[in-house]
Amino acid sequence: MTISNSRPITPELIAAHGLKPDEYERILSLIGREPTFTELGIFSAMWNEHCSYKSSKRWLRTLPTTGPRVIQGPGENAGVVDIDDGDCVVFKMESHNHPSYIEPYQGAATGVGGILRDVFTMGARPIAAMNALRFGAPDHPKTRHLVSGVVAGVGGYGNSFGVPTVGGEVEFDPRYNGNILVNAFAAGLARTDGIFYSKAEGVGLPVVYLGAKTGRDGVGGATMASAEFDESIEEKRPTVQVGDPFTEKCLLEACLELMQTGAVIAIQDMGAAGLTCSAVEMGAKGDLGIELNLDLVPVREERMTAYEMMLSESQERMLMVLRPEKEKEAEAIFHKWGLDFAIVGHTTDDLRFRVLHQGEEVANLPIKELGDEAPEYDRPWREPGKPAPLPASLVAEPNDYGLALLKLVGSPNQSSRRWVYEQYDTLIQGNSLQIPGGDAGVVRVEGHPTKALAFSSDVTPRYVEADPFEGGKQAVAECWRNITATGAEPLAATDNLNFGNPEKPDIMGQFVKAIEGIGAACRALDFPIVSGNVSLYNETNGLAILPTPTIAGVGLLPDWAAMARIGTANEGDQVVLIGGDGSHLGQSVYLRDVLGIVDGPAPVVDLADERRNGDFVRSAIRNGQISACHDISSGGLAVALAEMVMASGKGMSISLADCTGPAHALLFGEDQARYVVIVPADLANFVCASAEGAAVPFRRLGTVGGTGLVVDDLLALSIEQLRGAHESWFPAFMDGSSNAAAAAE
Amino acid sequence: MKAAVVQLPGLNRDRDMIAALTKIGGKAPVTVWQTETEIPDSVDLIVIPGGFSYGDYLRCGAIAARMPVMQAIKAKAEAGVKVLGVCNGFQILLEAGLLPGALMRNASLKFVCKEIKLEVANAETDFTRAYSQGQILRCPVAHHDGNFFADAETLARIEGNGQVVFRYAEGTNPNGSLNDIAGVINEKGNVLGMMPHPENLIEAAHGGSDGRGLFASALEVIAA
């Protein structure tokens, strides 16, 4: 395929590039002439939703992004947060939804690769990864294939690269049947005085291409990710990139080695829209022009056109501006690691983005305008309606509380994710203190005797669907709570906002209100958003996904010796509920998975309660007063207790006698700002008195001991019964040995 | 004792291994890059760590086994220097012909990372003296291709010679290995390959220290 640069620009060609007629008019007025074919491709790459955030920018600006520990907020490859002693944590979450649906293994693998690159581009060595995955109904014909491919792809890339996967989410819902979500998070460690940015500085300096060669894979990927799906989806397979974790591992080592030499002035990884986006970003940020000569770009395919080279999304590539005197040293490092190193251009002072190919100037565009003058929309939006209240008195009790709890812990969404996380290397680097299966993943900070970082990724899409504002708040609060439940201080978060088509006012309304909720919670909890990504157009044949604003947060443990886990209860310890009694059954998994009803409002998050209760729990953990801790989320108190029993292998004897309200609401209500803490018997009075003093609601529920979970005369389940139900669903589903429809009935 | 850790592109548990050797041996090992053709004479223990050398492309360990440094390792092994290969390191030693058998894709066809139980099947080797015969250890595994196989004759020979040093125990075989074999040693007793990762279970932060004995034995720093 050879496409001439002089191909005529027709309305069809413009539409095929995802550019609207008014956007094309804007291009004409910006450059004062008709663009060349390559230039049209460049505009399409820079101005699509994925790269320009044109529908979301206006709302993203409302989020809190600063704080005493924030070194770098949104706008760079990743956010940077101070963790004392000259150390900082660099992190971001990013979606790879559209490619993963088309080609699950490579889509997920390159999602992981892309986010790792964002982190080490800034000079940080990746130390932890997480993945928030959402799939369609278990009985949908594509689901098993997608789960199997995505999990293998995430593992295939992360394991080979060598980063521990310490957390994440896996959920099923029919609303993801046509659009799965793959949100990949990575965090790295750097020194605060050793962070690298994408802003180029200095005129006439070499622009260097590093890493893997450029091929035709992924041409037009970012534009594909900015459109809805329909039946033609199979034709989109060539827009998915192919990952090579081995090259990425080499690229990591080479980049970190090179950064040590002081040769790097600016660095930008080639992600979405590859060479185009990275070059424009480096130049525009530094108020410099960039001239690229494509004849010097290392390629792995013959007769690539300028258009293809500029839009290729081949993986494992970097662009740098280097100090010329260090060129030889830099080249030697890259050759040692078997990577390409080519000077492909230089910085200029004319603020133009010029691209040369085979003696021809194929593009000459104003560099600032390419980025800054991208269209920005204030899309019309409609205030979402609110479901009518659903008091617990209107919700049926289960016929059998024991069977109801077994059904929940063995349901597609609450069952153990062991089948998934045992395919991820959770231990590599030797610093993992908590692996998946608890509230948050925890890794210690290498080189420091006591510090550790906690990571959690959360969102409850059914809440966001019912009430985008409360759901947005809840995603932040649950992340904050999971981090708190380890004893860590939540520092900052990254958001990955997955929604449908923003051109529909209802979808835009979900987006606007969810951001409002996220912002309110982040402000109340001092939990700023330092990086993130927006994925819109997650729709197939007009049906949108559940609104899914994933929040991934990072917390700091000054001393991991004083960390809490969920499974470390001792015989005779006291079980204490922190927070109010369960009462809210609207949008609960009890309602959905036991009664088969989706109804009612989402639980309200009282941010003052959240903060007060969380601060109390954290300080009790740090003072060594807690032997185990777990947050209460989907499934309510009953599921939280069952998970603690399964994790510790020790039973609990629980009484709800002191609580008020119907038993099913006490056990399964999904009220927020709550934890179960396990307290040594001799400290129980003290901890409860402290709670009272801090105006934190609490209930003494019972004692650790026995061979199962016993709640009054409502239910008595052995540890084996609970584990049997909890551990069996996922493997049976993936083997095809259980009928998923029966399991989900 | 002086240890060396071999580094090849794609190996990724080298940092874990260096940390373990440093913490247990009291001093940092030297590192040896793949293109080096000589290993210092002062080195008495050469370790090839885990990872995905050359991406495991072609076949696990196949490309690494043909790099220049392997000639130097072979010479040292012949001279009696201790060589330990863990995970990808084990695969590389097999591909280099320094150990008998082969490692196939896990029976589940999936990567597996979890803690298993390991029986010390031979506590008389230079790598296992700190353990007792038949001792059951906790140890993590993390691999995609750890399914040990050997033809009947080889299997009978290595079993007969006591060359099987570690076995998966208590029904925890994670990969389908014949005879639950998790680690084998050469006839001379100075080259050990094993799939599990003792370097990831050596301190309180790891939740246990069952892996220390292997390094304490190999580094000859067994506590009295």
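Placed from the backbone N, Cα and C atoms, the Cβ positions cover glycine too.
TrEMBL entries are annotated by machine, without manual review.
Keep in mind the model is a prediction, meaning the values are calculated, not measured.
The substrate site in TrEMBL is built from A:S95, A:H96, A:N97, A:H98, A:Q241, A:E313, A:S314, A:Q315, A:S535 plus one of A:R69, A:R117, A:R125, namely A:R117. Annotated ATP-binding residues in TrEMBL are A:K92, A:D495, A:G532, and among A:Y53, A:Y463, A:Y590 the one listed with them is A:Y53. In sequence order, A:N77, A:A78, A:G79, A:I115, A:D118, A:V119, A:F185, A:A186, A:T494, A:S531, A:G532, A:N533 are the residues near A:K92 (ATP binding site), counting only same-chain partners six or more apart with C-beta under 8 A. Between the two most distant C-alpha atoms of the annotated ATP binders (A:Y53, A:K92, A:D495, A:G532) there are 16 Å. The recorded positions A:H50, A:H96, A:R117 differ in how many other CB atoms lie within 10 Å of their CB, and the one with the most is A:H96. Under DSSP, A:N97 (substrate binding site) is assigned to a helix (H, G or I) in the three-state scheme. Cβ environment of A:D269 (Mg(2+) 2 binding site): A:N77, A:G114, A:R117, A:D118, A:T121, A:S278, A:R317, A:M318, A:L319 lie under 8 Å away, each six or more residues apart in the same chain. Minimal Cβ crowding within 10 Å, among the binding-site residues A:N97, A:D495, is found at A:N97. Residues listed for substrate, A:S95, A:H96, A:N97, A:H98, A:R117, A:Q241, A:E313, A:S314, A:Q315, A:S535, cover a largest CA to CA span of 20 Å.
Counting same-chain residues at least six beyond the ends of the domain 'Phosphoribosylformylglycinamidine synthase linker' (A:17-54), those with a Cβ under 8 angstroms from any Cβ of the stretch are 3-7, 9, 11, 60, 220, 222-223, 225-227, 272-273, 276-277, 280, 305-307, 310-311, 353, 355, 357, 362-366, 369-371, 373-377, 502, 534-537. Sequence-distant contacts (6 or more apart, same chain, Cβ under 8 Å) of A:Q315 (substrate binding site) comprise A:T110, A:G113, A:G114, A:A212, A:D217, A:G218, A:Q241, A:V242, A:G243, A:D244, A:T247, A:E248. Within the domain 'PurM-like N-terminal' (A:75-189), the DSSP-based counts of helix, strand and coil residues read 45 helix, 42 strand, 28 coil. In sequence order, A:L60, A:P74, A:M93, A:E94, A:T494, A:N496, A:L497, A:I529, A:S531, A:N533, A:V534 are the same-chain residues whose CB sits within 8 A of the CB centroid of A:Y53, A:K92, A:D495, A:G532, the residues recorded for ATP being left out.
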